[in-house]
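Read the structure below first, then the notes.
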Amino acid sequence: MVTMGQCYYNQTIGFFYNNSGKELSSHWRPKDVIVVALGLTVSVLVLLTNLLVIAAIASNRRFHQPIYYLLGNLAAADLFAGVAYLFLMFHTGPRTARLSLEGWFVRQGLLDTSLTASVATLLAIAVERHRSVMAVQLHSRLPRGRVVMLIVGVWVAALGLGLLPAHSWHCLCALDRCSRMAPLLSRSYLAVWALSSLLVFLLMVAVYTRIFFYVRRRVQRMAEHVSCHPRYRETTLSLVKTVVIILGAFVVCWTPGQVVLLLDGLDCKSCNVLAVEKYFLLLAEANSLVNAVVYSCRDAEMRRTFRHLLCCVCLRRSTHASARCASSAQASASTRIMLPENGHSLMDSTL
């Protein structure tokens, strides 16, 4: 008989799963195989793309700017998320029952830390872009020390949220507070995590909305002093496209998972959150792949660096690759938003 208020540190994973009503399979079911296959594919793609981003930022001196330090930190967080999800894929399904309590908390902590670091860095990038655009600068002039402190702050917050459940924010001593999706965690933890991510999204919407209208007004003022301004429509549409992609990717990848986390955290008895949790977690992990595309591949200089790195790899296999590498680097061009006051320009990808 289970007594509330008693701690169950010596119980098995199966004990807590039974308490929460979450099925713990003893064999590989078709849906387990599908989830693991998709998860491994996404994890490998996340690892490769974000390693490429980090290599590009490290190898190109033009990227030694605050915004690219933050992009590098985003790639590092997403790389960590890929590793965490890969670890999950090798310790899920029937293998979950063989985990110790400490092993389960390690598995969960890796995911929570990496995803929190990724979301927090997205907000930091939005704030840095706001500072740069308002100052009519291509790159922020934040001192490197402040950028380092910002990055350290992101990881301290991420580690705090990731490690807190294992030390205090669990339900090992209060089984009535256990969530269904994560049977060893308190429902309040899931609710706080979901609400904090929602708050980050609302802040990002506010920041990027302010950036959009600010740049739009400046371009309009420029158009009023020029009889014919063919780049106005192109510039505005490019900015709208970038903002929509940034916010749209976040909504598509994160909203489903945050909704089910919040429903579970609020103890919604009629909500069948267990039926979709694995797929929504996979969708959130896919955001680590989308980030590399949205924040890096839309940058012309970043694309040139990617091609250079890939050509250097191909060069080891073929002596003719150098010619193709040189021609591709010369062919690329960047789309810029010209701000009239002092001649500075902002690439659409920097938003």
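Here, residue 1 is simply the first one shown, and the rest follow in order.
Glycine is treated like the rest: Cβ placed from N, Cα and C.
Listed in TrEMBL:
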type	residues	note
TRANSMEM	33-55	transmembrane segment
DOMAIN	49-295	domain 'G-protein coupled receptors family 1 profile'
TRANSMEM	67-90	transmembrane segment
TRANSMEM	110-127	transmembrane segment
TRANSMEM	147-170	transmembrane segment
TRANSMEM	190-215	transmembrane segment
TRANSMEM	236-259	transmembrane segment
TRANSMEM	279-297	transmembrane segment
Take the transmembrane segment (33-55) and find every residue of the same chain, 6 or more past its ends, with a Cβ under 8 Å from one of its Cβ atoms.
71-72, 75-76, 78-79, 81-83, 85-86, 88-89, 92-93, 278-279, 282, 285-286, 288-289, 292-293, 296, 302, 306, 309
As a test of reading the model: what is the averaged pLDDT for the domain 'G-protein coupled receptors family 1 profile' (49-295)?
86
Can you tell me which parts of the same chain pack against the transmembrane segment (279-297), counting only residues 6+ beyond its ends and a CB-CB cutoff under 8 A?
35, 38-39, 42-43, 45-46, 49-50, 52-53, 56, 71, 74-75, 77-79, 81-82, 85, 111, 115, 118, 122, 125, 245-246, 249-250, 252-254, 256-257, 260, 303, 306, 349
